[in-house]
Amino acid sequence: MARNFLLVLLWFIVQVSSSHENGRGDQALSQIDIYAINLAQHHSAFIHVSPLVLGSQGQDTEWVNVVISNPEPSSDDWVGVFSPAKFDSSSCAPTDDKEIAPFICSAPVKYMYAKSSPDYMKTGNAVLKFMLINQRADFSFALFTGGLSNPTLVSVSNHVSFINPKAPVYPRLALGKKWDEMTVTWTSGYNIGEAVPFVEWSRKGTRSRRSPAGTLTFTRNSMCGAPARTVGWRDPGFIHTASLKDLWPNLKYTYRMGHELMNGSIVWSKNFTFKSSPYPGQDSLQRVIIFGDMGKGERDGSNEYNDYQPGSLNTTDQLIKDLKNIDIVFHIGDITYANGYISQWDQFTAQVEPIASTVPYMVASGNHERDWPDSGSFYGGKDSGGECGVPAETMFDFPAENKAKFWYSADYGMFRFCVADTEHDWREGSEQYQFIERCLASVDRRAQPWLIFIAHRVLGYSTNDWYGQEGSFEEPMGRESLQKLWQKYKVDIAFYGHVHNYERTCPIYQNQCMDNEKSHYSGAFKGTIHVVVGGAGSHLSSFSSLKPKWSIFRDYDYGFVKLTAFDHSSLLFEYKKSSNGAVHDSFTIFREYRDVLACVRDSCEPTTLAS
């Protein structure tokens, strides 16, 4: 009987924790039934794209005009953007005898309904504007009728291409394993047998240096299941990472990526700048952005059916607008919501390039990056769309010992960040639990007073509706093992995503508020403040009708958090709206070193009266 009860409980946990509201059709491209596509080209219909050559001024993004003429217009006609431009069955992966190859083997990288042009339904003529990014291959556009569920190919356009499809693009900065290191990761079409990748960099008044880059990629066979192995597959190109070492603290550096071809010529990227990290414990102004579950948007309005990540562009644009006042960003899981449609990783890195090329863009693993049955993930859902962590671990760098175990520590000036991986076991006795305790225990709080815990799923507290139904207002098994660590090592704030809203607790320990103050905390540590900040872009999650006393601020809207450390004693917390950047919730912590040392409940080792 006990065994049957345990099996039922585990099934419930998987269902609640893996699906939640996230199991919906959350990737626009997944709505297209690729296997149902048939061919019925209309001799009087045509579609034409211009300009033919893109990026002639060095751009990696360009707008194109798509002219359509269709003598039989319908409200469900749509235009798909395909890359590579040749997308018929001749490009299909080999199939066994039991599997019938579809007419088209891959999903488009984006699509738009023809009726987006106001006169299309009246005249059958339309001009659509698409924004294309350099994705290492040419493009063609296809006109379909029959909607997304029963599409029929009517006409195919000419091909267009960037002047150099292989060019190095979309740099992503990350903290290295040492405080004076910064890594640069980027994407190109150059394999190491064709060109040697490197980064050239310098600070003002010094000679430039070159750092070699390692090159990685992944293949269809690296994916765990569909759609990543099937219609969602697209060659990711080559991902290069260089480590810039021996950086001086808090100085501005200029860099660019290069590929030296076999003939000795060099293909260069644009120039970029960043500010190096402060020395651990350095007393200087330090500003941190934290959010989860942003996903991506389309500036051209394509994929317009999909309102799954309606806040994504607003969050991105607010960060770009305030970039001069940001030092580092943490995107804590559910990064792209590509869900097995590999082309969307390029789309996302292009969207965040203005941010990620300028400040370290640190990521954590979420269910939409990692989860797949029988793949070693803690949850058995299919939220990754068959990616099982591979694109996230390859496309972004982070200072983990093992990329497949997505947990790491990061030091930035007066901050210590302990980043957990909720898609692997975190409970007491696990390898990750040991890491978390080491990360929390090893920080010198005199030098780094601000101790931050980060995880994707809510291992702490949330009044989200489905956590309320589950009964404990947390990810099942979430805080039972960890709360004694947060208390013992006096974690100031714990951040989570996964739940798509904003919520802040009181300083809390074992379900009890340890401090009734709401906006100004001072003196000795009493308990960890838990913050859900998963409302950066994806569809919003509703709150439970129950509101425990520990929940002191909730917001059903899109936003992100900014932490500002003024010195070793003063920290400002701000929750900002993505729509306008306005501060909607805030508090301050003032805590001197003697307050950090002060013994509170369950936070100090046993003492002796011996002299």
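Just so you know, the numbers here start at 1 and follow the chain as drawn.
Cβ coordinates are placed from backbone N, Cα and C, and glycine is handled just like the others.
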Key: Site co-member for Zn(2+) according to Swiss-Prot, given Asn367, His456, His498, out of Asp334, Asp397, Asp425   = Asp334
Note = Note: Swiss-Prot has Asp293, Asp334, Tyr337 binding Fe cation, and from His500, His520, His530, His539 that site also includes His500
Task = Check the Cα-Cα distances from Asp293 (Fe cation binding site) to the recorded positions Asn263, Asn271, Asn314, Val499 and tell me which is shortest.
result = Val499
Request  = Could you check the recorded positions Asn263, Asn271, Asn314, Asn367 and say which one's CB has the fewest neighbouring CB atoms inside 10 Å?
outcome  = Asn263
Query = How many Å separate the Cα atoms of Asn271 (N-linked glycosylation site) and Tyr337 (Fe cation binding site)?
reply = 29
Remark   = Close to His498 (Zn(2+) binding site), taking Cα pairs within 10 Å and only the recorded positions Asn263, Asn314, Asp334, Tyr337, are Asp334
Task = Write out the long-range same-chain contacts of Val499 (substrate binding site), meaning residues 6 or more apart in sequence whose Cβ is under 8 Å from its Cβ.
result = Val458, Ser462, Asn464, Tyr467, Val532, Gly534, Ser541
Task = Work out how many Å separate Asn263 (N-linked glycosylation site) and His500 (Fe cation binding site) at their Cα atoms, rounded off.
result = 51
Note = Neighbouring CB atoms within 10 angstroms of the CB of Asp293 (Fe cation binding site), all protein chains considered, total 32
Inquiry  = Tell me the Cα distance separating His456 (Zn(2+) binding site) from Tyr337 (Fe cation binding site), rounded to the nearest angstrom.
reply    = 14
Key: Between His456 (Zn(2+) binding site) and His500 (Fe cation binding site), the C-alpha gap once rounded to whole angstrom   = 11
